[in-house]
Amino acid sequence: MRPSPTSLAHWGAFSADISGGDIAAVTPPPGDADPSPLLGNLPGSVRHRSRIAGPAVRRGWLRDGPGPSRERGADEYVAVPWDELTELLADELRRVVETHGNEAIYGGSYGWASAGRFHHAQSQVHRFLKMLGGYTSSRHSYSLGATGVIMPRVVGTHDDLFKRSTQWDVIVEHTDMLVCFGGIAMKNTGINHGGTTAHPTRDALRRFRDRGGQIVSVSPLRDDVDGECRWLAPVPGTDVAVMLGLAHVLATEGLADRDFLATYCTGYERFERYLLGHDDGIAKSPQWAAQISGLAADELTALARQMAAARTIVTVSWSLQRIRHGEQAPWMGLTLAAMLGQIGLPGGGFGHGYGSMNEPGLAPLRCRLPALPQGLNPVQTFIPVAAISDMLLHPGESYDFNGMRLTYPDIKCVYWAGGNPFHHHQNIPRLRRALARVDTIVVHDPYWTAMAKHADIVVPSTTAYEREDFSGSRNDPLLVAMHALAEPYAQSRDDYLTYAALAERLGFGEQFTEGRTARQWLVHLYEKWAAGLDFEVPGFDEFWAAGQLRLPTEPGLTLFGDFRADPQTHRLGTPSGRIEIFSEDIDSFGYDDCAGHPRWYEPSEWLGGARAESYPLHLLANQPASRLHSQLDGGALSQASKVQGREPIRMHPDDAAARRLADGDVVRVFNDRGACLAGVVIDDRLRPDVVQLSTGAWFDPADPADPDSMCVHGNPNVLTDDVGTSSLARGCTGAHVLVQVEKFDGPLPRVRAHEPPVIAPRR
Ligand SMILES: Nc1nc2c(c(=O)[nH]1)N[C@H]1C(S)=C(S)[C@@H](COP(=O)(O)OP(=O)(O)OC[C@H]3O[C@@H](n4cnc5c(=O)[nH]c(N)nc54)[C@H](O)[C@@H]3O)O[C@H]1N2
Ligand SMILES: Nc1nc2c(c(=O)[nH]1)N[C@H]1C(S)=C(S)[C@@H](COP(=O)(O)OP(=O)(O)OC[C@H]3O[C@@H](n4cnc5c(=O)[nH]c(N)nc54)[C@H](O)[C@@H]3O)O[C@H]1N2
Ligand SMILES: [Mo]
């Protein structure tokens, strides 16, 4: 073993012991107060059996040429040499462009890939496809599909809600009550895209409580807050009704800050008519909210009064907008905070995503980070990111999005690098049918994910630990040098080299590489960045040898503090320059699923609706505590969480007893869209009738040839509905789904998710 230099993952910096060409052990840096347990998935990941060893082409595609195919996901592969792969792929791209135009390439390629500013998979693929003449792109994210559209319309930004949020130190010092919808899930705070080197949340909450601060967690799961809190467990998906109930108390008991609403907001009166029931005859009172949410009306009344009497911050986790009508929860949370009148005061107001990412609450950098220039996309066509199956199944059809009427393009080639749609997308049976329709699917990934197993052309990428890079994120003070920890596994290659070879063959090699090796790009990006800074940084070699560089950050921020202090100079980027509790623009779109002010809509998947008669359990498909999404599902931490090899499903003791289930049983989780197996964990920290099965178990169909096949491993996206949040944002709604659970008595199918497919040698 030799000790090696440091690297960086989305969940933290580390140094590694290397043995046999793989990571043998990892050690977090001494400066990280609360290192993420996810580091435990790294040992053994470089040479894991699920790695893609070399370029491969699906047998049917090689035999029949490009075209729709239902064999995807069930076919064998043929190993091809790199030169042949480059030739086949370049020819196919040329064919698609010449026959169908660049719009026919879907290069949205959503996903988290890995940390690293240069080798960032999406930056590389987008740069390459732009030089090829462009591609149909995607907008927004699975994380923040609804927020990304609604918040710019009502507060003029969504980025600043996270980047320039009220900082933990300010909350610790000034806040009395932290009322958090969706909790502050410690499991989620390990992570930030690009990498994060310190984890301050646990310590901040400890200091907050030490000062006498109170946490109220509104969440179906008790453990969405670590340690002491007041736990209110509503029926999932009813938070907007709860917020309206609280708002009703403020409005009717003279507790709403009318000066704040008049000075800093617009449209409160229109909203208040709805709140008080002036037009529909339904007062959104605590009693009304209690009937919907299952919480006690008295408790809501008391809570509202306490919130008005204290320095209170209302936080809304990102999970609350990953549901049908997901626009409403952040908008209503903001409205509730506006009524309290504390937005912009230290420790009061609104927060979005505390406990969703290691970003809200952390000081932002005073400078930008180095980044790979990508150029412009000559193709204008885009889709909201979670509309992929809709697009592939309905070419030429038109749809509403954010006040526009758009048309789905006719996609012939799907090009993916750095993401896993079989992890992130809803209704996998539908996704499989959609993917069967295109001519060619190209996937770059280090691992044989389900997406790679549905590809026609499989490109083996290196992992971040087999190449040199640097990385950091905008709310973290360190730029970290990522030294190569191991040699590239088998025939895997950096995506950069793959694109360079393709570009060369397609006639734009020099334009793509600018004549630089990867190492030369690192130096170039660093030096160009350094030249644009208004402070001095060491030269690249010095930075590289030191392993990290500390950058200046902006401490002491309060969200919208500037706006509060001077609403004229610091107008918000909304049409009125203020917080829009009523938005004329949204109202003018006339959508029946998103009105001009926040309001309660019945979710499609919830325990109060008719669908619950057939599927009486509300499944929360939240983020896994044991990994980042589907990444390193084969790692030690993730594997240790499995029950008989299946993803754990947590159930309340009453729900388990009603089905005669015991800890460790394997169950079939199902609804009318699909089914999966999972392993029972009985836990009373859930509201009854709620079950929790996190995302991220690799999709593993019992019969790969059948698109409706059960997943034997526990991927909840075989169950979720592929429907957008509303006509406004069309965001991902995968966090919630109604299901039934029964004991699985059949012979247990083997989990093959992490086995490579059959790969034949090239004859
Ligand atoms: N039901 C349900 N579904 C959800 C959610 C939910 O709450 N419920 N949450 C959603 C959210 S918020 C998100 S962000 C998405 C996440 O969805 P994704 O971001 O698609 O999930 P990941 O597993 O992170 O996929 C990253 C892939 O990139 C690969 N990769 C890593 N490094 C490299 C590289 O250098 N090059 C290449 N080519 N590939 C690389 C990894 O091996 C992995 O396969 O899931 C969404 N899906
Ligand atoms: N360990 C780990 N951390 C992660 C990730 C990961 O994969 N693993 N993914 C990262 C990414 S990309 C993202 S976008 C963020 C996502 O951050 P979030 O979307 O906030 O994360 P979730 O875990 O889906 O949800 C947080 C909690 O919200 C609660 N919740 C769900 N629905 C409701 C509801 O209707 N009402 C209320 N009141 N509460 C509800 C659930 O109990 C859940 O545990 O997490 C990031 N952090
Ligand atoms: Mo996300």
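Including glycine, each Cβ sits where the backbone N, Cα and C put it.
Nobody curates TrEMBL annotations by hand; they come from automatic prediction.
Not measured: the values here are computed from a predicted model.
As annotated by TrEMBL, domain 'Molybdopterin oxidoreductase N-terminal' applies to 7-47. Feature annotation from TrEMBL assigns domain 'Molybdopterin oxidoreductase' to 51-505. Marked as Mo-bis(molybdopterin guanine dinucleotide) binding site by TrEMBL: Trp112, Arg322, Asn420, His424, Arg467, Asp495, Asn717. The domain 'Molybdopterin dinucleotide-binding' annotation in TrEMBL covers 617-730.
With DSSP classes pooled into helix, strand and coil, the tally for the domain 'Molybdopterin oxidoreductase N-terminal' (7-47) is 5 helix, 17 strand, 19 coil.
Proximity of Arg322 (Mo-bis(molybdopterin guanine dinucleotide) binding site) to non-local residues of its own chain (separation of 6 or more, Cβ distance below 8 Å) is seen for Tyr142, Gly145, Ala146, Gly731, Cys732, Thr733, Gly734, Ala735, His736, given in sequence order. The average per-residue pLDDT of the prediction over the domain 'Molybdopterin oxidoreductase N-terminal' (7-47) is 96, rounded to a whole number. Taking all protein chains in view, 26 other C-beta atoms sit within 10 angstroms of the C-beta of Asp495 (Mo-bis(molybdopterin guanine dinucleotide) binding site). In this structure, Arg467 (Mo-bis(molybdopterin guanine dinucleotide) binding site) belongs to neither helix nor strand by DSSP; it is coil. Around the Cβ of Arg467 (Mo-bis(molybdopterin guanine dinucleotide) binding site), a 10 Å sphere holds 25 further Cβ atoms from the protein chains shown.
A C-beta separation below 8 Å, combined with a sequence spacing of at least six in one chain, links His424 (Mo-bis(molybdopterin guanine dinucleotide) binding site) to Tyr110, Gly111, Tyr142, His629, Thr695, Asn717, Cys732, Gly734.
Each of the binding-site residues Trp112, Asn420, Asn717 was scored by other CB atoms within 10 A of its CB, and the lowest score goes to Trp112. Pairwise Cα distances among Trp112, Arg322, Asn420, His424, Arg467, Asp495, Asn717, which the record gives as the binders of Mo-bis(molybdopterin guanine dinucleotide), peak at 35 Å.
Look at the domain 'Molybdopterin dinucleotide-binding' (617-730): DSSP puts its residues at 14 helix, 31 strand, 69 coil.
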